[in-house]
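Structure first, commentary second.
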Amino acid sequence: MKKTVLSGVQTTGALHLGNYLGSIKNWVKMQEEYNCFFFLADLHAITIDIKTSELNNSIMEVLAIYLAAGLNPDKVTIFAQSMVKEHAELSWLLNCVTPLGWLKRMTQFKDKAGSDQCKACLGLFAYPILMAADILIYKADIVPVGEDQKQHLELTRDIAEVINRRFDKEILKVPDILISETGTRIMSLRNGLKKMSKSDIADFSRINLKDSNDLIYQKIKKAKTDHLSFISYDKKTRPEISNLLDIYKSLSKESMEKIINNYQNQGFAKFKEDLAEIIITNLQPIRDKCLELMNDKEYLLKILHKGAEKAKIRASETVNEVKKQFGFII
């Protein structure tokens, strides 16, 4: 029996190269080996202020990118989180067993809320509980995530164990965390110490999956390196050039040693020119297919509804099982 994998991307802002290399590219490989659930995290998206039209378009665009990148809806279950109401229902049940102190330790809330945490919405504070529900509702065996989500996954495991201990039986599967070695943490093109992010106000800090070829060239050409004239890999002392090398390695499948040797006597200009070409070669087919799919909203909606119906079968089973243990009438 195939193991179950679950992951998703929040439907806010434009998806970028970090999303592709850190998540979607790996999912495409996993769909052949696992029973996969890949969702659009639209409920998480409204923890920030987002316009109605922007959210609606973002849901469709993220779905189109999933498909354009190679996810096959006949092999995996693709759905919008909001279309499976059981996510919110299980989230409430988990809220009622999770100690407040656990949530107060979550570093991402502190980062996203900023200095005035009192103005942040409750949804942002409770974000990790909904994330736990997203995972536990499908009894996922494996959850592929970036390093920055590791704390949330550890919380998910703790919550599952609380439920299981409370009712003295394994109701919820305690998932394993999968952090791949390559591509999970692509950094900003302007600051090698910051993760590439949709929320960064500087557009030149990232390569968006829908960027034109010319814009990709410009962004890579202006990507920050350092004062040294040679190419080498050291994330601690040379974070910017190391980040560009990580991108090159992830897209070219060449070893780091070979890449560095190839450009040892050629300098940054030639390296950046070739890197831009590699990025374009990988992203242009995705961009073109995405634009084609966005012109067929009826097809995209059909995929969402089909995926939601399939997801609801397992989700409702889990929620009813948990509710029964609490004592609710099913």
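Glycine residues also receive a Cβ, built from the backbone N, Cα and C atoms like all the rest.
According to Swiss-Prot, the feature ATP binding site maps to GLN10, THR11, THR12, GLY18, ASN19, GLY146, GLU147, ASP148, ILE186, LYS195, MET196, SER197, LYS198, SER199. Sequence-distant neighbours of ILE186 (ATP binding site) (same chain, 6+ residues apart, CB-CB distance under 8 A): LEU17, GLY18, LEU21, GLY22, LYS195, MET196, ASN243, ASP246, ILE247, SER250.
For the motif ''HIGH' region' (11-19), same-chain residues at least 6 beyond its ends with a Cβ under 8 Å from one of its own Cβ atoms are 40-42, 45, 48, 50, 55, 58-59, 61-62, 65, 185-186, 195-199, 206-210, 247, 279, 283. Residues or ranges marked as motif ''HIGH' region' in Swiss-Prot (evidence: sequence analysis): 11-19.
The annotation L-tryptophan binding site is assigned in Swiss-Prot to ASP134. Other Cβ atoms within 10 Å of the Cβ of ASP134 (L-tryptophan binding site), summed over all protein chains shown, number 26.
The motif ''KMSKS' region' feature in Swiss-Prot is assigned to 195-199. The motif ''KMSKS' region' (195-199) scores a mean pLDDT of 90 in the predicted structure.
In sequence order, THR12, GLY13, ALA14, LEU15, HIS16, ASN19, ARG206 constitute the residues six or more apart from LYS198 (ATP binding site) in its chain with CB-CB distances below 8 Å.
A coil conformation is recorded for LYS198 (ATP binding site) in the three-state DSSP classification, outside any helix or strand. Cα of ASP134 (L-tryptophan binding site) to Cα of GLN10 (ATP binding site): a span of 12 Å.
For THR12 (ATP binding site), other Cβ atoms within 10 Å of its Cβ number 20. Across the binding-site residues listed here (GLN10, ASN19), the residue whose Cβ sits among the most other Cβ atoms within 10 Å is ASN19.
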